[in-house]
2 protein chains.
Amino acid sequence: MKLRQLSTAAADFAAEFERLRHWSAETDAAIEDRVAEILADVQRRGDAAVLAYTQRFDRLAADSVAALEITQAELQAALASITPAQRDALQAAAERVRAYHERQLEACGLSWSYRDEDGNLLGQKVTPLDRVGLYVPGGKAAYPSSVLMNAIPAHVAGVQEIVMVVPTPDGVRNPLVLAAAAVAGVHRVFTIGGAQAVAALAFGTATIPRVDKITGPGNAYVASAKKHVFGQVGIDMIAGPSEILVIADGTTPPDWVAMDLFSQAEHDELAQSILLSPDAAYLDAVRASMERLLPTLPREAVVRASLEGRGALILTRSMEEACEISNAIAPEHLEISAAEPQRWEPLLRHAGAIFLGAYTSESLGDYCAGPNHVLPTAGTARFSSPLGVYDFQKRSSLIEVSAEGAQGLGRIASVLAHGEGLQAHARAAELRLR
Amino acid sequence: MKLRQLSTAAADFAAEFERLRHWSAETDAAIEDRVAEILADVQRRGDAAVLAYTQRFDRLAADSVAALEITQAELQAALASITPAQRDALQAAAERVRAYHERQLEACGLSWSYRDEDGNLLGQKVTPLDRVGLYVPGGKAAYPSSVLMNAIPAHVAGVQEIVMVVPTPDGVRNPLVLAAAAVAGVHRVFTIGGAQAVAALAFGTATIPRVDKITGPGNAYVASAKKHVFGQVGIDMIAGPSEILVIADGTTPPDWVAMDLFSQAEHDELAQSILLSPDAAYLDAVRASMERLLPTLPREAVVRASLEGRGALILTRSMEEACEISNAIAPEHLEISAAEPQRWEPLLRHAGAIFLGAYTSESLGDYCAGPNHVLPTAGTARFSSPLGVYDFQKRSSLIEVSAEGAQGLGRIASVLAHGEGLQAHARAAELRLR
């Protein structure tokens, strides 16, 4: 395996590091144009357009959009059809994800207000979105865990209606995905996908209700469509390829770290797995584990392509330097696989999720630890956050000025409004003066 | 004044209401193309491109981007140059805005964690963005209050560097804007604007540091540029025309409500002012106040164009129905001008800011009540929130699984990962099983 190895002490490190970080979310103009057409068509023709695209792209023979809806009975049947072990695992994962997001609601999702010394009430009212849309990809990247991770925070936030769309090319339905929808309490499911599904959710059709926000991953068409409708509805984020960065002090069994790097690389050829350590012998040991374990993986080809294309082992001068490099990358998943993870945690400023200690494999977080697995990619952890209850809520400021309060505030507002040349603003304040 | 009046009891109300709500954020393809060119040019040529556009569009004769920077001494000089009343008002407003946002930080901006029954630590670490960019328009819409409303929450969040850009066509600087930057503690100010300023902040140049997020309003070029760079950096929102909706029970002096409607209409011809009341005589009284007061306004022409183009008085069957209509509009500013505002507040689900009671004129909120005046427009209050401390923070999930915890979680993750065909995920979990 041609896995590149860098050293921060090398003269060419800065250039090599820049090359490693480079990833371009370049949009394909042909896709953009096609998506713009589909959006306009669905906005104009509604159900008829959605049906036509679904017949064409997914080869479904339905004669109405209503016929594309999956009933709650069908979701329950899917849940009954999977193995008991799968059902138990889905339900256990859902319960843990729900418990975490309920804590999140209490920590940062409740209304608050106070009165100042003049008796003015100030605060924020926090309310759930009315209705949200959840995009679930079909085909090979159909992940039931994503259904849980998107629908449960919406539920916890108090969203009244969760509408899921999932393409089913050639009519093939994934029972685990439908079972997850049942477990997560999704209200309605339509077997539509692509830009036409995003358009239907954003604009509404006779059959598909308009939503306030669309979350969930998708291919280039879906990503482009979400970017187009942003503003008309809310969207979560435009996800890039998945990434893991492991900072290791050399105390974790090398096989564990090797498998953690693989578990990101197996997502797709553009995924990125990076290991940082100040211990050169440990890097060698992990490399040896990777060479030995790689041929045992069913997805060996994808893992190899990902690691050779975008992976790296990086020898650092110290754990502190490893933390600095991690901050520059702002990875989606960050494992601090060390004997004293809490010692390094304060140094880590930018990451979607931080996994502390040898036992915290990223895959536990992907499925069932509780926190959300929808995380900012491609360095956007510099300014954005995991999907959470807060993404399904919005805030309204509350202001109640007392007769007394209007005196002091009115004089300030009057001066500033005149300064901005907005005389009606000034006079609205002045009218309330005694 | 041809101010339309609707009645919810009229047969054509639904159609009239639909027309009233219609506002299209249609983007001009010529602007989009020009902006794409400017962004690409700044990304490629950096300072040279920024300088060239600034010389050309703003007619500044500077010979380097460094020469476009305004020093802290110049900001302090601007603060010293304004009247004492203006200085006091700016400082009083800043103090109240800061106090409110400090409460907001405590209410929803702190890290949290807990341990579950297996000793696993779960939580979220909340950290400020490193560096943010604040766009401030030049010319007639140059508002010092916007400088306070954008910079203060960033400061309270703990952002280390706030970089402001403000165009100064022909070299004309607005001393109130610069004074506000001094009061708000802006770290660096460059006299650049337009798409080239957004590009400089998003990509960085030799002189202008790259930021993590760009906030602040601007013209069509700025809005288009922000939408383009979204993903590369964070952005706040794409603002549409300003709006006020007043729900009145008839107990507020009509002149007060008339002036509140004017104060939104005076922003620009596309601004929208709507009054809802179940009291027909009160609507007549407010109309009479408006007819009488309109000619006394310096900005009479703008106010008249706005009211005749997009304003409305709406007679409702009840206060409850008025609240429902308000929810359908999801206005930026919502005044509930009633004797018992707290009675109606629970019925109001979607609004940027809710102003309770006759004394709470919207203009007090614009300047100095404390809450932010950067609010979601064009119905986006359905899914988005006022600018706040949370916009200048991001969250990282924290997960520390204990050796014990890895047993139960590992078995769940293994089942689900195999179900998704991700065997490396499964094995990473299985390796931690005893």
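Glycine is treated like the rest: Cβ placed from N, Cα and C.
Look at TrEMBL and you will find A:Y135, A:Q196, A:N219 tagged as NAD(+) binding site. In the three-state DSSP scheme, A:Q196 (NAD(+) binding site) falls into the helix class. Just so you know, the Cβ of A:Q196 (NAD(+) binding site) picks up 28 other Cβ atoms within 10 Å once every protein chain is counted.
Among the features that TrEMBL reports, substrate binding site is placed at A:S242, A:Q264, A:H267, A:H333, A:D366, A:E420, A:H425. Long-range neighbours of A:H267 (substrate binding site) (same chain, six or more residues apart, CB within less than 8 Å of its CB): A:P241, A:S242, A:V302, A:S306. According to DSSP, A:H267 (substrate binding site) is assigned to coil rather than to any helix or strand.
Look at TrEMBL and you will find A:Q264, A:H267, A:D366, A:H425 tagged as Zn(2+) binding site.
As annotated by TrEMBL, active site, proton acceptor applies to A:E332 (among others). According to its DSSP assignment, A:E332 (active site, proton acceptor) is coil. For A:E332 (active site, proton acceptor), the number of other Cβ atoms no farther than 10 Å from its own Cβ, over all displayed protein chains, is 29.
The feature active site, proton acceptor is assigned by TrEMBL to A:H333 (among others). In sequence order, A:S242, A:E243, A:I244, A:L245, A:Q264, A:A351, A:G352, A:A353, A:F355, A:E362, A:G365, A:L375 are the residues near A:H333 (substrate binding site), counting only same-chain partners six or more apart with C-beta under 8 A.
A:S242 (substrate binding site) counts 26 other C-beta atoms within 10 Å of its own C-beta, drawing on all protein chains shown.
Checking the binding-site residues A:Q196, A:N219, A:D366, A:E420, A:H425 against chain B with a Cβ-Cβ cut-off of under 8 Å leaves A:D366, A:E420, A:H425. The substrate-binding residues named in the record, A:S242, A:Q264, A:H267, A:H333, A:D366, A:E420, A:H425, extend over a maximum Cα to Cα distance of 56 Å. Cα-Cα distance from A:Y135 (NAD(+) binding site) to A:D366 (substrate binding site): 18 Å (rounded to the nearest whole number).
Other than A:Y135, A:Q196, A:N219, the residues of this chain whose Cβ falls within 8 Å of the Cβ centroid of the NAD(+) site are, in sequence order, A:P137, A:V165, A:P167, A:G193, A:G194, A:A195, A:A197, A:V198, A:G218, A:Y221, A:V222, A:A225. The two recorded residues, A:D366 (substrate binding site) and A:N219 (NAD(+) binding site), show a Cα separation of 20 Å. A:E420 (substrate binding site) falls within neither a helix nor a strand when secondary structure is assigned with DSSP, and so counts as coil.
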